[in-house]
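All remarks here apply to the structure that follows.
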Amino acid sequence: MTGGARPRRLAVISVHTSPLAQPGTGDAGGMNVYVWQTAQRLARRGVEVEIFTRATSSADRPVVEAAPGVLVRHIEAGPFDGLDKRDLPGQLCAFSANVLRVEAAQSPGYYDVIHSHYWLSGQVGWLARDRWRVPLVHTAHTLAAVKNASLAGGDTAEPMGRLIGEQQVVAEADRLVANTRTEAAELVDLYGASPAKIDVVPPGADLDAYSPGSRAAARAELGLDPGDTVVTFVGRLQPLKAPDVLLAAMAPLLRADATGTLRLLIVGGPSGTGLEHPAALAELADAMGVADRVTFLPPQPAATLAQVYRASDLVAVPSFSESFGLVAVEAQACGIPVIAADVGGLGVAVRDGVTGRLVDGHDIATWTAELADLLADPARLQRYGAAAVTHAQGYSWEHTTDALLASYGAAMGNFPAGPIRRGVLGRRTRGLLKNRPRMAG
Ligand code: UDP
């Protein structure tokens, strides 16, 4: 990564997730945390940050100073509430128009760089880039081609419209920020991205909020029994995150536990297709005869979530796909070992046999055996937990912010002075789309 230029003012586009929303339910998750954590740190480094997100309540003021140097601009596009994420592509024109109007009301050259998060924002950013003549840096966060290759049962495939939209943004963006080398390779192999414009920038954890602490105090605060063994899931409750896989894998262990001290703690709210039947997990626990051994908590703010991690013996991240997995890093930063599916960024976030366990696939019996193995060996859990703290120190938002600044600098340094060239679709992407309706490129 090169580039010494530094933006004075950055336009962050985050159409479908407001950094002000509580993560862990609905559409709010790791991306919100990413945008919010990096925005504050960029502002502390002297960059003025303006975040454009869709207004989802009539109470949303058009401009909110969310932190010193960080403005959140609520953009009207479609109804405030009740708009499904799947209907958002139809509102992109309205969203884009209102973003362009905000800029048009400012002095010329108001923004120096645009950073778009998720493909919907990339579509808006691409247009703004052409109009404002400033570079577009894009982070995909998740990729439909990757998600569709490892769908959870009960999840629906991402539509072709998203695949097409993603590849357009990949072609048009001046730089692409990938969470891991795996994601960088996916951008190249599946979407035909030019490797030269990809920066690998790992996300982080808020190491001030997530740090080791007293398990006994955390349990007392959360009303958990000090003598229990607690396995914890944290995240949006939807098939992709596989809380049902964890529940099914834990059920035989919970039933066989004669001491009655093993407990499963599930923290988060319904999201995605999980919204269609929010009571599904509780019903599953009931059907498996373990309802009294499973505790559900609604989404928690970071301070309480840190206590949730500290109260746990083991945190499980069984997702079907995960571009990074912030929960895994946060738990480790609190000194808690993690058992995770060996998918996407989790293979980087967790060090197998050092800070936790990486499990291949989602076979329930395999997960039960791996969980039983770990829970039977408290000394190993303690060893992994100690190593986890050190491992997590390598992932801080400060580091992410430094790397983003380098990426912005490179984008500014390479931005063409002349006419903006049309994005070029990669060969492989054309292959992906070849049986689809004809499109330019
Ligand atoms: N989160 C939270 N409160 C909750 C559950 C989750 O603040 O009750 C946050 C969590 O701290 C993490 C993010 O939501 O930073 C989830 O990010 P992750 O990368 O694990 O999953 P994603 O939501 O991006 O799929």
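For all residues, glycine too, the Cβ spot is worked out from N, Cα and C.
Bear in mind that the values here come from a model prediction, so they are computed numbers and not experimental data.
Listed in TrEMBL for this protein:
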BINDING   HIS16, ASP27, ALA28, GLY29, GLY30, MET31, ASN32, LYS85, TYR118, THR142, ARG162  1D-myo-inositol 3-phosphate binding site
BINDING   GLN22, PRO23, GLY30, ARG236, LYS241, GLN300, GLU322, GLU330  UDP-N-acetyl-alpha-D-glucosamine binding site
DOMAIN    29-204  domain 'Glycosyltransferase subfamily 4-like N-terminal'
DOMAIN    216-388  domain 'Glycosyl transferase family 1'
BINDING   TYR309, ARG310, SER312  Mg(2+) binding site
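Feature annotations (TrEMBL) mapped to structure.
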residue: HIS16; record: 1D-myo-inositol 3-phosphate binding site; Cβ neighbours (10 Å): 21
residue: GLN22; record: UDP-N-acetyl-alpha-D-glucosamine binding site; Cβ neighbours (10 Å): 14
residue: PRO23; record: UDP-N-acetyl-alpha-D-glucosamine binding site; Cβ neighbours (10 Å): 26
residue: GLY30; record: 1D-myo-inositol 3-phosphate binding site; Cβ neighbours (10 Å): 23
residue: ASN32; record: 1D-myo-inositol 3-phosphate binding site; Cβ neighbours (10 Å): 22
residue: TYR118; record: 1D-myo-inositol 3-phosphate binding site; Cβ neighbours (10 Å): 23
residue: LYS241; record: UDP-N-acetyl-alpha-D-glucosamine binding site; Cβ neighbours (10 Å): 27
residue: GLN300; record: UDP-N-acetyl-alpha-D-glucosamine binding site; Cβ neighbours (10 Å): 18
residue: TYR309; record: Mg(2+) binding site; Cβ neighbours (10 Å): 26
residue: GLU330; record: UDP-N-acetyl-alpha-D-glucosamine binding site; Cβ neighbours (10 Å): 28
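GLY30 (1D-myo-inositol 3-phosphate binding site) sits 7 Å from PRO23 (UDP-N-acetyl-alpha-D-glucosamine binding site), counting Cα to Cα. When the binding-site residues HIS16, ALA28, TYR118, ARG236, LYS241, ARG310 are checked against ligand 1, ARG236 have a Cβ within less than 6 Å of one of its atoms.
For SER312 (Mg(2+) binding site), the same-chain residues lying six or more positions away in sequence with a CB closer than 8 A to its CB are VAL230, VAL231, THR232, LEU265, ALA331, ILE336. Cβ-based neighbour count (10 Å, all protein chains) for ARG310 (Mg(2+) binding site) stands at 23. Between the C-alpha atoms of HIS16 (1D-myo-inositol 3-phosphate binding site) and GLU330 (UDP-N-acetyl-alpha-D-glucosamine binding site), the distance comes to 24 Å. Using a 10 Å radius centred on the Cβ of ALA28 (1D-myo-inositol 3-phosphate binding site) and all shown protein chains, the other Cβ atoms total 21. According to DSSP, ALA28 (1D-myo-inositol 3-phosphate binding site) is assigned to a strand segment.
If you average pLDDT over the domain 'Glycosyltransferase subfamily 4-like N-terminal' (29-204) in this model, you get 96. Checked against GLN22 (UDP-N-acetyl-alpha-D-glucosamine binding site) by C-alpha proximity, the binding-site residues ASN32, TYR118, ARG162, TYR309, ARG310 yield ASN32 as the nearest. Highlighted in sequence order, ARG215, ALA218, THR232, ALA306, GLN307, VAL308, ALA311, VAL315, ALA331, CYS334, GLY335, ILE336 have their Cβ within 8 Å of the centre of the Cβ atoms of TYR309, ARG310, SER312, the residues recorded for Mg(2+), and are not part of that set. Reported as a whole number, the C-alpha separation between GLU330 (UDP-N-acetyl-alpha-D-glucosamine binding site) and ALA28 (1D-myo-inositol 3-phosphate binding site) equals 17 Å.
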